[in-house]
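So the structure is just underneath, and the comments pick up after that.
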Amino acid sequence: MAENKWLRNGFVWIVLIIAVVALWVTFMKDGGSAREENFADVAADIRQGRVARIVMTEGSNDIQVQYIGEEEPRSSRLPPDVNIYQALEQYGLSGADVEIRVNPASQWGNWLSALTFILPTLFLIGIVIFMMRQAQGTNNQAISFGKSRARMFTGNKPTVTFADVAGVEEAKEELVEVVEFLKYPDKFASLGARIPRGVLLVGPPGTGKTLLSRAVAGEAGVPFFSISGSEFVEMFVGVGASRVRDLFDQAKRNAPCIVFIDEIDAVGRQRGAGLGGSHDEREQTLNQILVEMDGFDSTTNVIVIAATNRPDVLDPALLRPGRFDRQVVLDRPDIAGRRAILEVHSRGKPLESDVDLEELARQTPGFSGADLENLVNEAAILAARRNKKTIGRRELTEAIDRVIAGPERKSRVLSEREKLMTAYHEAGHALVARMLPHADPVHKVSIVARGMMGGYTRVLPEEDRFFWTKKQFEDQLAVFMGGHVAEELVFQEISTGAANDIERATNLARRMVTEYGMSKTLGPLAFGRKEELVFLGREINEQRNYSDEVAYMIDQEIRSLIDTAYKRAHEILSQHMDKLEAIAMLLMEAETIDGHELEALFDEPRPRPQLVGPPVTRPAALAHKTEEADRGGERSPHPQPHPSPTMRPQPAS
């Protein structure tokens, strides 16, 4: 391949050299830029004695006329079919009237004359040949569409190992066995174990699916083929299936090895009903993947690792055992995982002594591994921008704000009234969050514009949360209403600054009613059917599966939740107007305050949630009570279930 490329480039250079030589020969033949005279004028000048000599080449009609007092000769041309002497006689002159020098003909002159015609011809022929080769290359390129575009990485020099992956310990444990399968296949074959055909990595974007697959290849020390699912399908029919065959042929020749298909949902979506033919090419590609992963030839030592963040749209045939035997879930890391990830990404970066990675991990709930890597990188960029040699807490804290809300918009200048309204708006959020027991503690309040926001109030949960309760949602709704209510109380008007808060509150209230079953009137029911459309690759489309009367009740429940949240926020802010003003004035002065500065304004501690639940009975005590009841001949009756509010018993008529 490299040799053909060199020959092709060399041919282009040859054509260019021929063109340059042809131009040079043409220029030399024209004799440069000498002044040209008519021979009749030259004869008149000879008669007047102004010409010193005439120089010419034997066999040529071109002459050089040297005038007296001039350094450069002038060029002229003899009449056709006569020599210099005959031409002079035509004007009544002879060779005695002027000095004539005749130089012998040079062989180079004949060559130059020949090249004048040969080189342009060769140049045109070269252009034709070049165009023919380009056309041939286009045909070869069309044929090469069927070749796989997978990039191969050898396992001789692993760049990524399990030591570079943190925060996904369970996933690493699952994939350690894959490494052992590749390193010691006889260990499992002796027990009759079948080597897993494929591993599917499932998780949100940025959780380390691609990094983990590269670490598996680095640990196993085997070749690693990497390709994206979108690289299989092209505009030509059959290209996708051909590329799949070529990819697995390369993998079998380099076995044992790993084939990594990123974003497999691009070709692995569930096959439709076969009507219309809009997805036939993608389905042919998927069918070929199914055959290659578990067809008649199932003895090769090739393991397929695929990654996706849409497992719900994948074809069931792709997920069955024998193809993707294991599905490894990579979720966003918890606080311990975030700390481990921060330690990995802070290697080689000079951190100041006051940097606490544990505290940093606590401040970044919901961050993925990619977010944390970006955070550390942003902090390093900020430190370099400030000409510092180390990365401090200030840079890391600001990097968190940049990742969450975007960079500061220092060019955005607010009027004094808008700035004051923003301060009271954010103070309303912060005060309501501080006074409600089930709301998350306030970590930072700022009126500095970032991204699309004029200001923001950042709350920070005290621990990682995997479930939400109704009381937490209700307090969250009240916090959303805090900014809107504060503007109304202080300025007796409302602004567009609360638009996003109202939208988020409405969406949360709707989900509480229609998805989470948190409505007393409607009960624990889910409303809205998610229909899976086969023609769109199982795209989700929500349709109403309830009556207009129920839709009205849903709207009423949403309005009730929002109204209750509004009243709670209004009550809190009305009772603590002095605190609201103090927070707003502090924001006007400092623009940004943290949770400790906010707590310093209060004398009483922050209200804590009261845990209410049944007394915990240990299994042994429960068994003892059951035995006593059996001996007494009585069993403790089960409590009767309360009727659902929507299913109240009707009185007998």
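Keep in mind that glycine also has a Cβ here, set from the backbone N, Cα and C atoms.
Residues or ranges marked as topological domain 'Cytoplasmic' in Swiss-Prot: 1-8 (among others).
The transmembrane segment annotation in Swiss-Prot covers 9-29 (among others) and is backed by sequence analysis.
Among the features that Swiss-Prot reports, topological domain 'Extracellular' is placed at 30-110.
Positions annotated as transmembrane segment by Swiss-Prot, on the basis of sequence analysis: 111-131 (among others).
Residues annotated as topological domain 'Cytoplasmic' in Swiss-Prot: 132-653 (among others).
According to Swiss-Prot, the feature ATP binding site maps to GLY203, PRO204, PRO205, GLY206, THR207, GLY208, LYS209, THR210. Taking a C-beta cut-off of under 8 angstroms and a sequence separation of 6 or more, THR207 (ATP binding site) has the following same-chain neighbours: VAL168, LEU330, ASP331, ARG332, PRO333, SER368, GLY369, ALA370.
Residues annotated as Zn(2+) binding site in Swiss-Prot, with sequence analysis given as evidence: HIS425, HIS429, ASP501. Annotation for HIS429 (Zn(2+) binding site): same-chain Cβ neighbours under 8 Å, separated by at least 6 residues, are VAL445, THR457, VAL479, PHE480, GLY482, GLY483, ALA486, ASP501.
Under the heading region 'Disordered', Swiss-Prot lists 604-653.
If you look up Swiss-Prot, you'll see 624-637 marked as compositional bias 'Basic and acidic residues'.
Here Swiss-Prot flags 638-653 as compositional bias 'Pro residues'.
Considering only the binding-site residues PRO204, PRO205, the Cβ with the fewest other Cβ atoms within 10 Å is that of PRO205.
In terms of DSSP helix, strand and coil, the topological domain 'Extracellular' (30-110) has 20 helix, 23 strand, 38 coil. Around ASP501 (Zn(2+) binding site), taking its Cβ as the centre, 19 other Cβ atoms fall within 10 Å, counting all chains. THR210 (ATP binding site) sits 42 Å from HIS425 (Zn(2+) binding site), taking the CA atoms of both as reference points.
Sequence-distant neighbours of HIS425 (Zn(2+) binding site): residues of the same chain at least 6 apart with a C-beta under 8 Å from its C-beta are GLY455, GLY483, HIS484, ALA486, GLU487, SER495, GLY497, ALA498. All protein chains shown were included, and the count of other CB atoms within 10 Å of the CB of GLY206 (ATP binding site) stands at 19. Sequence-ordered, the extra residues of this chain that approach the ATP site, with Cβ no more than 8 Å from the Cβ center of GLY203, PRO204, PRO205, GLY206, THR207, GLY208, LYS209, THR210, are LEU201, ALA307, ASN309, LEU330, SER368, GLY369, ALA370.
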